[in-house]
Amino acid sequence: MRSYTTLGKKIIEMELLLMPKNSGNLPLVQWPLFLLASKIFLAKDMVEGSDSQNELWERISKDDYMKYAVEEAYHALRFILIEILQGEGRMWVERVYADIEESIAKKNIHADFQLKKLSLVITRVTGLLGILKAEKPDQEIGAIKAVQDLYDVVQHDVLSMNMREHYETWNLLLKARAEGRLFTNLKWPRDAELKTQIKRLYLLLTIKDSAANVPKNIEARRRLQFFTNSLFMDLPKPKPVREMLSFSVFTPYYSEIVLYSMDELQKKNEDGISTLFYLQKIYPDEWRNFLDRIGRDENASDSELIDNSTDSLELRIWASYRGQTLARTVRGMMYYRKALMLQSYLERVASGDVEAAVSINDANDAKGFDLSPEARALADLKFTYVVTCQIYGKQKEDQKPEAADIALLMQRNEALRIAFIDEVESLKDGTVQKEYYSKLVKADISGKDKEIYSVKLPGNPKLGEGKPENQNHAIIFTRGSAIQTIDMNQDNYFEEALKMRNLLEEFHQDHGIRPATILGVREHVFTGSVSSLASFMSNQETSFVTLGQRVLANPLKVRMHYGHPDVFDRVFHITRGGISKASRVINIRFNSTLRQGNVTHHEYIQVGKGRDVGLNQISVFEGKVSGGNGEQVLSRDVYRLGQLFDFFRMMSFYFTTVGYYFCMMLTVLTVYIFLYGKAYLALSGVGEAVEVRALITKNNALSAALNTQFLLQIGIFTAVPMVLGFILELGFLRAVVNFITMQFQLCSVFFTFSLGTKSHYFGRTILHGGARYQATGRGFVVRHIRFSENYRLYSRSHFVKGLEVVLLLVVYLAYGYNDGGTLSYILLTVSSWFMALSWLFAPYLFNPSGFEWQKTVEDFRDWTNWLFYRGGIGVKGQESWEAWWDEELAHIRTLSGRIMETILSLRFFIFQYGVVYKLHIQGSDTSLSVYGFSWIVLAVLIILFKVFTFSQKVSVNFQLLLRFIQGVSFMLALAGLVIAVALTDLSVSDVFASILAFIPTIWGILSIASAWKPVMKRMGLWKSIRSIGRLYDAGMGMLIFIPIAFLSWFPFVSTFQTRLMFNQAFSRGLEISLILAGNNPNSGI
């Protein structure tokens, strides 16, 4: 016998998961086959090892599903044999079953039947069912032979000697057997129920493997698991579709991908990997199913599909349903309509509606529900879907592919409505004037756009941010009592859409003093299945939108409008200004609460959510959220909430919104204050003096206070909610295993790096303002990110701060008094080193192929080209260091911002002030003249730098003189340094200490000069400042790049990193190595 995995390519999993109608002739409840899989064979083994009927049945009954499987096989076989046999054959079956039941009643089954021969019966029955299942009447002779074989086995092997005598003396049976007409009059199965029972019993008797992994597709298994679990939660009782609240779904769209074009699917990235190839390798089972659906062979080439217009369109749709596209969102939201059609159809049938066009006997048969005009009409009354495509009119005018794809979506989804702003230019009094119309269109029968509404607007509707305004102009086209806001990178599932009626009833439930005005909905992140980085973000996001939101809603009562996919009380919000505000700072979630709304959260229903899966995308997103929280701190809404809340609710609100980011920023500041304090104690000598005094006076408390240890970082503790979510969802043991596995995948590095991202952007927004909506990209990220790209994104937010921490730690190592030795230093600073190294190297640890030698060489070439490329008009930051540097300074716009930057930059002068008094050359002199002399040395160094970097364009007419001056300057500087070392107390260590002192000082000068850029330009110093800035970025880049290049020499490092990043993909058997290798010529080395 074969296992279910080899029975065929189609229907097996569906048959296993199918819930039987339980309206047939069998006297029992039938369960889905995946629950009964392999139970017959386990029961057979028990039979062969048991001699007592009571003991046997007791052992079988311990497993409820084994008991159900045995009972179903017993009754189903009788039903099938009686239906297909006639005359003496049917009489024989009835007598055998009567004898079995009599033996069971007498508890004499082991004496009357040879149960150890049961395997022979199973074999013969399986053979018979296999022939009947094929539904080929020409195989009737084979079926008759199979029944006769079954008869022989029962008569000669299964029946005991006493029982066999009763049958051998049965004249009617003997006569029919002698005349050769026993079982010859076989009735071939025609009835639908009989065919179903034959297929079901065949599967029940052939599935030997456990069906614990059914369905095979991980996503299908997860969806079924959540749906079945959610049915045991506290769901409000739904009203009939005719009486339910009507609702609308609302999706803002600008210019993102609607459907992948064939060019986009075939276009290869720098690694030689196309989007289509990526999807085929990440979703291999779904790709095979797709080929099967369109009637193609499993080994069909891509070119065969592309050349066929029908197949190529289906291929585009298949790929788009697996990306973060508008097509995926539209398909998901249209499941609401499909679910309502099904539910209304079944309600009409069950109620005995004479117009239902089906009989009451078929009440459980939902086939054809989507063709019922009554069901369609009722669904359209209760559900409206509006996608507000702001520039659809302009896209149509410019014949953009996005417009054609949106039109295609309207043709394939008749209930889809598109709202957009139409700009019409008219000539009035000799001047061209623009008129703005808010329009709603649908597809007509011919597939063309049909205008439903056109509303003239008083002017340009874009007053504030583009996305909220896109929603504001189109909200008039929504209908119903509720409105759900859905982002264009979200998805929905049919089984979840069935529960929408339950969710809408929450508006009528008791949720405290005030009725619910916003219903929060759980989200599932569907993009966290490939890399470890994506899973970290997915798990963190899941804990936030489930565990976090649940607690915020109840008992804290401070859950605000999280965003999409919340469900609004439409009337409440439209009469209070709408669901989106024209202002750039007012946030709807705060505004709803301020106007005495009540926000709840419900976990029995969920929608899908696409989340960024690359470190760069994650960082941009986290920076955007952190900046948004920084703006909230400055907004009037947070002030008002703080004034109006009671103390406990106010504190709950603070620590779950802006306070969370404020605490993160304070955590980073605390590390800086701790390290600067330690550096000051080390450089001033106060630390040593106090330690000695504590030792003499045996003051252990003072000694302990000085040696406070930062063993733990809060960056790691940001994962605590995620761990608690694991415990609730998976159980304690699996949660611990998952957390330990994540530690091996360097999740602590990721969360510490994330700490730096959040604190930087939150603090910068507090100082300078300016947070705004940023598109984070919604593509597939399993590609290598260039070194220069990572450097541009993280230089100021992580690398500069990380190197500053390293400098502080080096100063403390060099000058700090520590009686405990190396171990004490390590314990004291290990967490700070961990934070600094995480900030410096995390982007490269989580970069696919980040330690592959060929990629490293290409990265270095690309980085140097970017670093030394001269900027100009129209040159972007991705192309030139100069353009990027200007962009990095763009946020410093106000006088207060410049003053704050100046004050914060003064900390860099502490290094020089402390180190110069520790040099051997100054001896015991502690006068200010030593500090003053160090500035003279610094000025000489800057002059030398300017001499060596003098612009070649300026010096084109006196190159020889310039080279002579540079050579003489170099010789004099080198000679002066050698003489100083030889004739004075200046040591080689003093030279390195001076470098350690001057590097932060010059950076401090550079930071202050950058903050006062307009002043520097007027003074003519900007070019010199820029040259120094380029030198510093070159130096920082080399410090980071050298360890990466060194590790890239060893191939095992790249292999280890790939395994670390894509462990989940490897464990699922995905061919991730093919995606990473691409067209790399060294991939096989």
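A Cβ is built for glycine as well, from the same backbone N, Cα and C atoms used for every other residue.
According to TrEMBL, the domain 'Callose synthase helical' annotation covers 32-207.
What TrEMBL lists as domain 'Glycosyl transferase 48' is 214-900.
Long-range contacts of the transmembrane segment (653-675) within the same chain: residues 548, 552, 556, 558, 560, 626, 629-630, 632-633, 638, 641-642, 645, 708, 710, 713-715, 718, 755-756, 758-759, 762-763, 801, 804-805, 808-809, 812, 832, 835, each at least 6 residues beyond the stretch ends and with a Cβ under 8 Å from a Cβ of the stretch. As annotated by TrEMBL, transmembrane segment applies to 653-675 (among others).
Look at TrEMBL and you will find 710-733 (among others) tagged as transmembrane segment.
Residues annotated as transmembrane segment in TrEMBL: 799-817 (among others).
Beyond its flanks by at least six residues, the transmembrane segment (823-846) meets 533, 615-616, 671, 674-675, 707, 709-713, 715, 746, 748-750, 752-753, 755-756, 785, 787, 790, 793-794, 798-799, 801-803, 805-806, 808-809, 812-813, 816, 1040, 1043-1044, 1057, 1061 of its own chain at Cβ-Cβ distances under 8 Å. Summarising the annotation, TrEMBL assigns transmembrane segment to 823-846 (among others).
Annotation comment: TrEMBL describes 899-916 (among others) as transmembrane segment.
According to TrEMBL, the transmembrane segment annotation covers 928-948 (among others).
According to TrEMBL, the transmembrane segment annotation covers 960-979 (among others).
Taken from TrEMBL, the feature transmembrane segment covers 991-1011 (among others). Long-range neighbours of the transmembrane segment (991-1011) within the same chain, counting only residues 6 or more positions beyond its ends whose Cβ lies under 8 Å from a Cβ of the stretch, are 800, 804, 807, 810-811, 814, 889, 892, 897-898, 901-902, 905-909, 911-912, 914-916, 918-919, 934, 937-938, 941-942, 977, 981, 1021, 1025, 1028-1029, 1032.
Feature annotation from TrEMBL assigns transmembrane segment to 1031-1052 (among others). Using a Cβ-Cβ cut-off under 8 Å and counting only residues 6 or more beyond its ends in the same chain, the transmembrane segment (1031-1052) has close neighbours at 787, 791, 795, 799-800, 803, 840-841, 844, 850-853, 855-856, 859-860, 863, 867, 881, 885, 945, 949, 1002-1003, 1006, 1085.
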